[in-house]
């Protein structure tokens, strides 16, 4: 009866959560930048970010190429931890506008390009590197109408390649379009920022007679390569731009809609796919609960019979009652992984909820990653408490809790540090802005040891002061022999991961596309719903496999319950490899592939710890409740 109530409660709670989250799925955001009203003629300053490419995933500094520099010198903007980890390098630029003043401006003419600069420009052009600019926290967008469809990209290319003739042409003229909304007070708000990139050939002798920010006649973008600026040695390149201000009805609060617009109903298909999987798993789960209730009913009838006759009729999971809570292999490692799993789950839930409610706006670059780090550190107290609490249940004593707490604080962060350090060496070797500095390593280590470790130790200490859950049955001194099975149990455990994977693989595609194809991901309402469905499926899968193992007298269920749902990470990593092979076919060079696989491995380990923890904790309470319901002397 209790199990039936639990199952009905889970599905009712899930249904209520889905109704609530459906209102979040359209997504809204709380902007991290404040609205600023500009007066007519007021100066607007454009900033530049790192050059990025979906072919290499190696960001580089904007000023690593021979572009015009601002007269006051290059000044980098202050960046948060998230921006530094993502490889952002925001700096000032020579591009400056005057509010609501349309004009065409000359910037500079470069010196004669040398062999190294030509090689670098051609390489960046052929690797499809994009120039990223920012105005009033809005990234520049390139828009093009094609076959009746409006296509839009973030940034604009460094250049254009004519592969048939092995020629490359640099983008040296930009036609900006700034959309402004006239406020009720006398002023304007910036609500859009678009660009049309052009390659225009100039006469360097005439252009060099002009001064910085002189006005020049407006030009049209050439329709052929004959009038475009080639990238050749000893070539002098002149850079110009023009800006047009367009009044728009778009309000400042809605200016990010153009960037976050969802043009496909596929996320709803993701939810539908997850519901099908959870419905199928739910049927099996309900059948299991019916059988468990039947077993408990028969136990109540046997309890009224003499003990000798009762022992003769015992079978299945009832035979392992003296071994089911026997200490598992590597108990310390299990406690450490469960503690880290709880920490990752807490970080994930809080981050997704905050993002779904709009508190992590894309306008605040790096806020999502910075928030994840801070939340993860704060959840160290919960991780230490859960890991040490489980250690005391297994051992029956608090001796050794300090070493458990230290391992919890260092296990997953240590794995991430080792993998990231190897990848960072590759980024250092390529002079990429994605490489983090020694000073940032020092900051991260300080956060780790000054916040994460103390909170984890505090959580472990609090667990030693808590009343421990007692096992409902005594453990025999001699372990019961596990009967031989026709097939290895590990095969069933690994195969069970396909069910949770079926819940998330559609959403996983959108996440990978947003990370590796340079798109904004804002469907956090969908992600929260899929995560809740994943929790339910992991619960069902682990409980079912645990019960099946107990029925065949296999009392070593601890690690199997963890890996039954944790094995979904294997399929996530394999899917990431398949995405690399079939969707990132243009990814060039072994360094880019190693970076991709390295980050995918970190994600897979995190998913294993989180999903495995969900399955283990629910299976533990299932086994505890099951054997608490029987009475055997």
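Keep in mind that glycine also has a Cβ here, set from the backbone N, Cα and C atoms.
TrEMBL annotations:
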type	residues	note
TRANSMEM	12-36	transmembrane segment
TRANSMEM	268-289	transmembrane segment
TRANSMEM	333-360	transmembrane segment
TRANSMEM	366-391	transmembrane segment
TRANSMEM	403-428	transmembrane segment
TRANSMEM	440-464	transmembrane segment
TRANSMEM	490-516	transmembrane segment
TRANSMEM	522-550	transmembrane segment
TRANSMEM	562-582	transmembrane segment
TRANSMEM	594-623	transmembrane segment
Interface check, the transmembrane segment (594-623) with the transmembrane segment (440-464), three or more C-beta pairs under 8 A: no
Contact between the transmembrane segment (366-391) and the transmembrane segment (440-464) (3 or more Cβ pairs under 8 Å, separation 6+): yes
Highest-contact recorded stretch vs the transmembrane segment (440-464), from 333-360, 403-428, 490-516, 522-550, CB pairs under 8 Å: 403-428
The transmembrane segment (562-582) vs the transmembrane segment (403-428): 3 or more CB pairs under 8 Å: no
Interface present between the transmembrane segment (403-428) and the transmembrane segment (490-516) (three or more C-beta pairs under 8 A): no
Intrachain neighbours beyond the transmembrane segment (403-428), with Cβ under 8 angstroms and 6 or more residues off its ends: 58, 332, 335-337, 339-340, 343-344, 380, 383-384, 387-388, 391, 434-436, 448, 452-453, 456-457, 459-461, 591, 594-595, 598-599, 601-602, 605-606, 609
